[in-house]
Amino acid sequence: MASSRVVLILSISMVLLSSVAIATDHIVGDDKGWTVDFDYTQWAQDKVFRVGDNLVFNYDPARHNVFKVNGTLFQSCTFPPKNEALSTGKDIIQLKTEGRKWYVCGVADHCSARQMKLVITVLAEGAPAPSPPPSSDAHSVVSSLFGVVMAIMVAIAVIFA
């Protein structure tokens, strides 16, 4: 009986922890892709980027490209040499280190006038996600409290069963 309890606890732990360990592919711009006149700041605002995740840039390679730049080049929309551009139309960038990351399109005025630029903050692999802004919605508070109470009840039931 005790061994089945241990197996159950380990199984539940593995399921809960596996969601943390799985890398995420972030499709930049979602269904719009990497294009002009899109608010990438707004797009990135509710996303959590972690070491091991991927950024996927989908775009028409005849019209756009992707440069990874630093903060200074990002602000001024200045680009490295053209041969450093990613230009396949389906570029995948693995986020290997934590910190700020900057990406721009180097075609014409796409960065400076058409907002084709993205800045993100990459968190360490196991770091907790930033807290969302406080909600005034009483329903979300009740839902969260209900989830915590249910998790505690299940844990107690497993331990004392």
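Here the Cβ of each residue, glycine as well, is placed from N, Cα and C on the backbone.
Residues or ranges marked as Cu cation binding site by Swiss-Prot on the basis of sequence analysis: HIS64, CYS105, HIS110, MET116. Swiss-Prot lists CYS77-CYS111 with the feature disulfide bond. Annotation source Swiss-Prot lists domain 'Phytocyanin' at 24-124, citing sequence analysis. Taken from Swiss-Prot, the feature N-linked glycosylation site covers ASN70. The feature signal peptide is assigned by Swiss-Prot to 1-23. The transmembrane segment feature in Swiss-Prot is assigned to 141-161.
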In whole Å, how far is CYS111 (disulfide bond) from HIS64 (Cu cation binding site) when you measure between their Cα atoms?
10
To the nearest whole angstrom, state the Cα distance for the pair CYS111 (disulfide bond) and CYS105 (Cu cation binding site).
6
How big is the Cα-to-Cα gap, in Å, between MET116 (Cu cation binding site) and CYS77 (disulfide bond)?
10
Apart from the site residues HIS64, CYS105, HIS110, MET116, the 8 Å Cβ neighbourhood of the Cu cation centroid comprises TRP34, THR35, VAL36, TYR59, ARG63, ASN65, VAL104, GLY106, VAL107, ALA108, CYS111, ARG114
Whole-number answer please: how many Å between the C-alpha atoms of ASN70 (N-linked glycosylation site) and CYS77 (disulfide bond)?
10
Three-state composition of the domain 'Phytocyanin' (24-124), taking helix and strand from DSSP:
18 helix, 33 strand, 50 coil
All-chain count of other Cβ atoms within 10 Å of CYS77 (disulfide bond)
18
